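Notes for the one structure printed next.
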There are 2 protein chains.
Amino acid sequence: MAASQTSLEEFYGREIILADRELVETGADQILKDADTEDIAFLVVGDVFGATTHTDLVIRARELGIKVEAIHNASVMNAVGACGLQLYQFGQTVSLVFFTDSWKPDSFYNKIMENRKIGLHTLLLLDIKVKEQSIENMARGRLIYEPPRYMDIATAASQLLEIEEIRNEQAYTPDTPCVAVSRLGSPTQTFKAGTLKELSQYDSGEPLHSLVMLGRQVHDLELEYLYQYVDNKEEFKKFVEKDQEFFKPPPYVPPEEDELNWEYSD
Amino acid sequence: MAASQTSLEEFYGREIILADRELVETGADQILKDADTEDIAFLVVGDVFGATTHTDLVIRARELGIKVEAIHNASVMNAVGACGLQLYQFGQTVSLVFFTDSWKPDSFYNKIMENRKIGLHTLLLLDIKVKEQSIENMARGRLIYEPPRYMDIATAASQLLEIEEIRNEQAYTPDTPCVAVSRLGSPTQTFKAGTLKELSQYDSGEPLHSLVMLGRQVHDLELEYLYQYVDNKEEFKKFVEKDQEFFKPPPYVPPEEDELNWEYSD
């Protein structure tokens with residue numbers, strides 16, 4: 001995503017056709033044309049199978065008898081380990097889309113709740129709006145695109161807090177510890193750990209960004225790594241400890257004598 | 001892992017020192033020696049942060065003021081998407097170790113249960129025993145290593161079934177649909193979908209292998225992709241449908257009139 005079309009063409013020594021979302025979603029026939037006899041490469045950002053559209057493209061190719069070979073790449077789903085949280089401690093990944101005045105989809109809320117109930121971290125992927133039309137232009141059939149928009153950390157954290165305020169089921173709170181992940185894998189990669197409330201005021205700079213919400217199962221080694229990215233180590237530790245009380249399994253209470261022998265009581 | 005030391009040395013034009021588990025776990029000082037003034041690269045299989053030992057190495061380097069840069073790579077945690085199941089539908093990843101007569105650790109069971117209760121797929125990483133000593137050789141202090149062992153799909157499935165038979169809490173059953181993932185990312189990569197019981201008799205060939213256990217939330221597109229790897233499409237579909245009944249949320253029942261108006265009742 002950081003490389004220009006020209007530099008990619010120089011690197012590969014071949015012409016490159018930009019495949020935007022429209023082409024990938026509706027132009028599968030065009031992409032697969034002649035791919036049974038010629039070598040056609042389909043370059044993607046991140047991992048090949050990160051998007052259902054790509055899986056769909058493979059299915060179509062196989063139906064046409066076109067041989068497909070995938071060369072895997074790092075993606076945010078595994079590179080996020082760079083923040084110091086262990087990948088096997090992550091639950092399902094969720095997506096956060098830009099709210100509008102009338103549209104505030106909150107399906108992520110239940111998913112975060114599910115992850116947090118079993119103590120797992122949640123990777124939140126933040127909305128990217130590229131080549132989007134305004135409703136007016138779409139209605140008038142004008143192919144004029146809005147400038148690209150990338151959700152930043154402050155917006156993501158604010159939207160999360162807005163939904164918690166409405167639902168109030170404490171899937172998370174303003175004090176829940178999170179990690180802001182900015183420009184992952186690039187030379188200006190930055191991490192910032194803090195509470196959700198703190199991050200709602202964080203200036204995360206240039207895109208792209210992701211957010212990780214911590215789960216209860218955070219290990220000492222993970223925490224030690226995160227301390228590099230906090231303003232105040234002691235304070236952050238307190239928030240982590242406080243957060244660990246959420247969804248904590250109840251302490252073990254040994255059964256009463258008569259409960260153990262209930263089969264024999266009358 | 002597929003490349004030889006010589007071919008890697010030719011590729012990089014530099015001498016390569018093999019860092020086995022022993023060196024990485026106990027020889028951090030040796031690896032980090034002079035790394036503050038010289039360029040030292042630490043090559044890993046899969047993603048850099050897939051192992052806690054690597055995270056630990058970064059922490060030690062930073063404590064010594066050594067600048068660290070990570071170049072991300074694909075790992076099983078994201079490349080597994082090649083089987084057709086969507087990465088955002090995966091829960092926590094679990095590990096399965098070789099059972100012995102007296103040692104059958106089953107901590108994976110609760111984790112699979114947690115994933116399956118919320119409908120998610122589970123990636124199971126299978127044990128690799130390389131440069132392991134026998135108990136006798138270890139006791140006698142002899143550095144003689146056993147031949148390497150890699151858990152295959154049949155062993156993994158059998159161990160899973162053995163634990164289910166003991167615990168009998170139906171985190172999964174012999175009929176639970178799974179996907180065998182063999183030699184992921186290599187030219188002989190193979191997938192096989194079937195029930196756990198079927199896979200306990202599956203010959204998965206050369207290592208490495210992983211196993212994916214399906215969750216209830218399987219999408220039609222995912223299922224369509226898996227059909228490529230099943231013996232009998234209709235039968236597999238039936239097992240998937242049967243499995244979807246496990247941990248299914250109870251059907252919605254509209255509240256009784258008087259429950260809705262409880263605030264006004266006396």
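Glycine residues also receive a Cβ, built from the backbone N, Cα and C atoms like all the rest.
Per TrEMBL, domain 'Tetrapyrrole methylase' is recorded for A:28-199. Taken from TrEMBL, the feature S-adenosyl-L-methionine binding site applies to A:Asp47, A:Gly50, A:Ser75, A:Val76, A:Leu126, A:Leu184, A:His209. Summarising the annotation, TrEMBL assigns region 'Disordered' to A:247-266. The compositional bias 'Acidic residues' annotation in TrEMBL covers A:255-266.
DSSP classifies A:Val76 (S-adenosyl-L-methionine binding site) as helix under the three-state reduction. Among the binding-site residues A:Asp47, A:Gly50, A:Val76, the ones with a Cβ under 8 Å from a Cβ of chain B are A:Asp47, A:Gly50. In the three-state DSSP reading, A:Gly50 (S-adenosyl-L-methionine binding site) counts as helix. Over all protein chains present, the Cβ of A:His209 (S-adenosyl-L-methionine binding site) has 25 other Cβ atoms lying within 10 Å.
Listed in sequence order, the residues of the same chain lying 6 or more apart from A:Gly50 (S-adenosyl-L-methionine binding site) and placing their CB within less than 8 Å of its CB are A:Val44, A:Ser75, A:Met77.
Per the record's binding annotation for S-adenosyl-L-methionine, residues A:Asp47, A:Gly50, A:Ser75, A:Val76, A:Leu126, A:Leu184, A:His209 show a top Cα-Cα distance of 17 Å. Under the three-state DSSP scheme, A:Leu184 (S-adenosyl-L-methionine binding site) falls in the coil class.
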